[in-house]
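Working notes, structure below.
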Amino acid sequence: MQIQAMASTWAISEGLSVKDRRILAAFSTTAAALSLAGSAFIVLCYILFKELRKFSFKLVFFLALSDMFCSFFSIVGDPSNGLFCYAQDYSAHFFCIASFLWTTTIAFTLHRTVVKHKTDVEDFGSVFHLYVWGTSFAMTVLLSIGSNYGQSGAWCWTGSGKKEKVVHLITFYTPLWGAILYNGLTYYQVNRMLSNATRMAVGISDSSYRLDSGAGRKAVNKWGYYPLILIGSWTFATINRIFDFVYPEHKIFWLSLADVWFAGLMGLFNSIAYGLNSSVRRAITERLDLYLPEKVKSLFPQALKGQQQEQELVSLMVEGQ
């Protein structure tokens, strides 16, 4: 999993049997490996395909990069080594928060382009980096100051006392749910604007306008579900953390299992939702069409044809960026 949901606190594993801890560790590693693979694929696509290096997809690249490192540190952490234990906990905390925040920059860019009709989103590039990396660093420093550091069996943690749990809730779950609320509100506003545009298009005779409105509506309908990625990934972790804070002596194994599994898959969910858009698929299809032998291409001709691709977030943003 993204290690912060489990390994950064004693709450997940304390009070569980050795067998249960091993099951949690297995689920954690599997989810982290899947997220690492998915995120690394998007990073590799960005590096290999020059046509993807527009400002809009740069945000997706940094989101995938954050997910990749968060997953990586969840796998390499070693409680028997103090240095690796620090790296496991604090690095994962840093990159998980960065992942949350990069989703807000994507939502901001979409909102500014579609709702406010601005084309200056690229000017915010430096501000985005300062905001994401600066906030992530500040939250990680606060975590290190307000926590007692230690280790627990297969994982590292930042303390099991009331103070440490409060610090953890503040430095991790506040940015998380702040990002969820911001993304939800932003996509709601974009969706409402396109709904109004679609209703207006019904009453006019300009078919191209109706087509553009319908395509934009279809795209944002899909992207409107993307705030649910964070909700689905971290709801169990949030419930588990609150339950542990209220009832520290009681552990619910299935809740802990859902916690580590769904939180761990966040990177995979992000890579599929944000990364595998029409531009990426088109770039891959073009390479396959260029390099695959004719006999192989004949096995799936429809996949390699230049069929019309559906509009998605990247096409809603400034296409020339």
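Using N, Cα and C of the backbone, Cβ positions are placed for all residues, glycine too.
Residues or ranges marked as domain 'G-protein coupled receptors family 2 profile 2' by TrEMBL: 24-278. Residues annotated as transmembrane segment in TrEMBL: 23-49, 56-75, 90-110, 130-150, 170-190, 223-240, 252-276.
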Notebook entry, point to check: Any chance the transmembrane segment (23-49) and the transmembrane segment (223-240) are in contact, meaning at least three CB pairs closer than 8 A with a sequence separation of 6+?
Noted result: no
Notebook entry, point to check: For the transmembrane segment (223-240), which stretch among 56-75, 90-110, 170-190, 252-276 has the most Cβ pairs under 8 A?
Noted result: 252-276
Item checked: For the transmembrane segment (90-110): best-contacting stretch of 56-75, 170-190, 252-276, by Cβ pairs under 8 Å -> 56-75
Notebook entry, point to check: What average pLDDT is reported by the model for the domain 'G-protein coupled receptors family 2 profile 2' (24-278)?
Noted result: 83
